[in-house]
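Peer 1: Before we start, here is the structure in question, set down as structure tokens.
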Amino acid sequence: MTTVQLQKTNQPSIKASRGSYWITTFGCQMNKADSERMSGILEYMGYYPAEEELKADLVLYNTCTIRDSAEQKVYSYLGRQAIRKRSLPNLKIVVAGCLAQQEGESLLRRVPEIDLLMGPQHCNRLESLLNQVDSGQQVLATEEQFILEDITTPRRDSSICGWVNIIYGCNERCTYCVVPSVRGKEQSRTPEAIKSEVEDLAKSGYKEITLLGQNIDAYGRDFQSQNKEDSAQVTLSYLLKYIHDIEGIERIRFATSHPRYFTKELIDTCSELPKVCEHFHIPFQSGSNKILKNMGRGYTIESYKNIINYIKAKIPKAAISGDAIVAFPGESETDYEQTLSLIDEIKFDHVNTAAYSPRPNTPAATWPRQLNEDIKVKRLREINSLVENIAKERNQRYKNTSQEILIENINPKDSFQLMGRTRTNRLTFFPRSLKNGVENKLGELIKVKITDVRPFSLTAKLL
């Protein structure tokens with residue numbers, strides 16, 4: 001969960017002040033990017049960032065429904081705002097994102113104080129929806145929509161690294177996942193629109209971009225179904241080449257990939273383009289072919305390993321991360337051990353792990369052989385221990401080496417340190433100090449020497 005509390009823009013709003021706003025974001029990078037865009041819309045409308053959540057005139061929760069724990073947090077936050085609204089009737093409460101799409105009218109019945117409830121496909125319509133609220137309506141916007149190309153400038157949380165959505169929605173039907181039902185069908189943005197946004201970021205001084213999509217390597221395939229001219233050529237590989245030479249952008253990343261669409265052509269392209277960073281996040285979810293089939297993932301462990309082996313052959317220094325779910329319905333001890341074996345064999349730099357959480361309206365939630373909480377806790381603890389040990393082992397290769405770091409921020413826990421990431425996405429901390437009488441600035445690319453390693457971060461000194 002992240003909170004968007006941004007500095008006030010230097011550019012005056014086009015419209016008169018309408019009060020303060022606060023956005024709290026739950027969940028994935030797509031939600032973070034959506035929140036930045038909604039912040040831009042609110043400031044265009046005349047809102048300004050609040051200093052505190054409980055003092056805001058408009059509160060927006062951009063929600064996640066991938067796990068039950070995320071939902072419960074939202075309900076807790078909404079309860080607090082509902083109490084506020086009873087004494088502050090002009091307070092506006094907005095719920096956006098995947099939980100809003102999933103629950104719809106039932107959420108309005110549960111929390112009638114909500115003024116606007118809208119799914120992810122409606123983020124770019126925030127202004128018109130709030131205008132309906134201002135006319136006295138309680139607004140529900142969850143119908144499937146074509147996502148408008150928004151010309152409003154996002155109010156970005158960083159002035160160095162920018163998110164760029166390139167494909168919305170998901171056409172997969174994983175049996176545990178609600179994303180297709182809440183984010184809709186795949187919809188790729190045109191290469192021209194994406195390039196224009198990246199060029200604007202470069203002009204504003206951004207050094208790194210991360211291209212985003214639920215299944216980013218499926219980019220462009222919906223163009224083919226629409227019979228657009230030259231649509232077969234529009235792929236993620238094509239897009240990377242198309243935007244690569246934009247002046248000012250030093251690094252390009254992308255997430256999240258689906259193994260089914262991760263091609264040798266894409267790997268070859270990444271190896272040829274110097275701005276594309278050597279980090280690949282490719283979720284595997286399980287090391288058992290039986291479980292992968294039950295999950296509806298559409299690939300085997302053997303095909304997944306082929307992808308990883310090809311990456312390692314073409315880009316030997318690449319870092320590889322993934323996602324894993326343990327305690328999926330029917331997962332035997334053997335299935336679970338196969339997941340541990342896969343992690344140990346591939347030696348992932350990092351794995352995001354989770355115990356299976358039944359989600360409403362998904363096939364797996366109704367299946368027999370649901371595993372109990374004790375097994376979930378045990379397996380999650382064990383896999384996390386393995387992931388941490390391997391991550392520290394993998395990080396040893398950086399010790400005493402020189403690495404390029406993009407300075408992103410001051411360490412929030414130590415104001416005497418700066419922080420940034422290597423090209424392989426290793427978070428790195430190093431001291432603030434003068435070089436030729438001048439302190440390094442945020443947004444600079446510098447060389448450091450790695451002096452110490454931890455499982456999920458590095459410590460360095462300036463060269």
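Using the three backbone atoms N, Cα and C, a Cβ is placed for every residue, glycine included.
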Peer 1: Starting from the [4Fe-4S] cluster 1 binding annotation in Swiss-Prot that includes Cys28, Cys98, which of Cys64, Cys161 is the extra site residue?
Peer 2: Cys64
Peer 1: Restricting to the same chain and to sequence separations of six or more, state which residues have a Cβ under 8 Å from that of Cys170 ([4Fe-4S] cluster 2 binding site).
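Peer 2: Looking at Cβ-Cβ distances below 8 Å from Cys170 ([4Fe-4S] cluster 2 binding site), excluding near sequence neighbours, one finds Val179, Pro180, Arg183, Lys185, Glu186, Gln214, Asn215.
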Peer 1: Report the member of Cys28, Cys64, Cys98, Cys174, Cys177 (the binding-site residues) whose C-beta atom has the most other C-beta atoms within 10 angstroms.
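Peer 2: Of the binding-site residues Cys28, Cys64, Cys98, Cys174, Cys177, the highest Cβ count within 10 Å belongs to Cys98.
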